[in-house]
Amino acid sequence: MANRGPSYGLSREVQEKIEQKYDADLENKLVDWIILQCAEDIEHPPPGRAHFQKWLMDGTVLCKLINSLYPPGQEPIPKISESKMAFKQMEQISQFLKAAEVYGVRTTDIFQTVDLWEGKDMAAVQRTLMALGSVAVTKDDGCYRGEPSWFHRKAQQNRRGFSEEQLRQGQNVIGLQMGSNKGASQAGMTGYGMPRQIM
């Protein structure tokens, strides 16, 4: 947030609400996974939101992460530059976001570049990394490194096939939603709005 002044009023309240969503425990888990997944000499950042942002801000760690989820030779980002120029770093973040979407992360789970670059919504960055980890665990293609229990496995399609005979048998069953013609009935019930006759 070096380029932005302090926010006041409603903007401040909104920013505080966004900052409350940030999870320090999740940060530790994500840092451990990224370092393990990349399997390179990536230094562990000091704990804290500002350090986490600074660690990811140039885009190199994110690009190495998405490349490590592909087999060798099929990496989506062939050239990762460790440039100090702002627009180059933002371009690398954008490349990561596009590659994550192609990998299978839903558009609704992807953060905006300014969320990371300006530190506006680091919780959104965490959500994107969690979604990326979930997709990697679900794919189970051998490229994921780390504990499978760190991320939720996404639901998979499970089609069922029924024969014509099974479908015909299902038509003979009276479902419980259809009601029953036995047992309790509405006999003796009064209509709505009528007073109850007690004698």
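Cβ coordinates are placed from backbone N, Cα and C, and glycine is handled just like the others.
The feature compositional bias 'Polar residues' is assigned by Swiss-Prot to 178-188.
Residues annotated as domain 'Calponin-homology (CH)' in Swiss-Prot, with sequence analysis given as evidence: 24-136.
Ser163 (phosphoserine) counts 8 other C-beta atoms within 10 Å of its own C-beta, drawing on all protein chains shown. Annotated phosphoserine per Swiss-Prot: Ser163, in sequence order, evidence recorded as similarity to another entry.
Marked as region 'Disordered' by Swiss-Prot: 178-199.
Annotated repeat 'Calponin-like' per Swiss-Prot: 174-199, in sequence order.
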Pop the mean pLDDT for the domain 'Calponin-homology (CH)' (24-136) in here, whole number is fine.
-> 88
Within the domain 'Calponin-homology (CH)' (24-136), how many residues are helix, strand or coil going by DSSP?
-> 74 helix, 0 strand, 39 coil
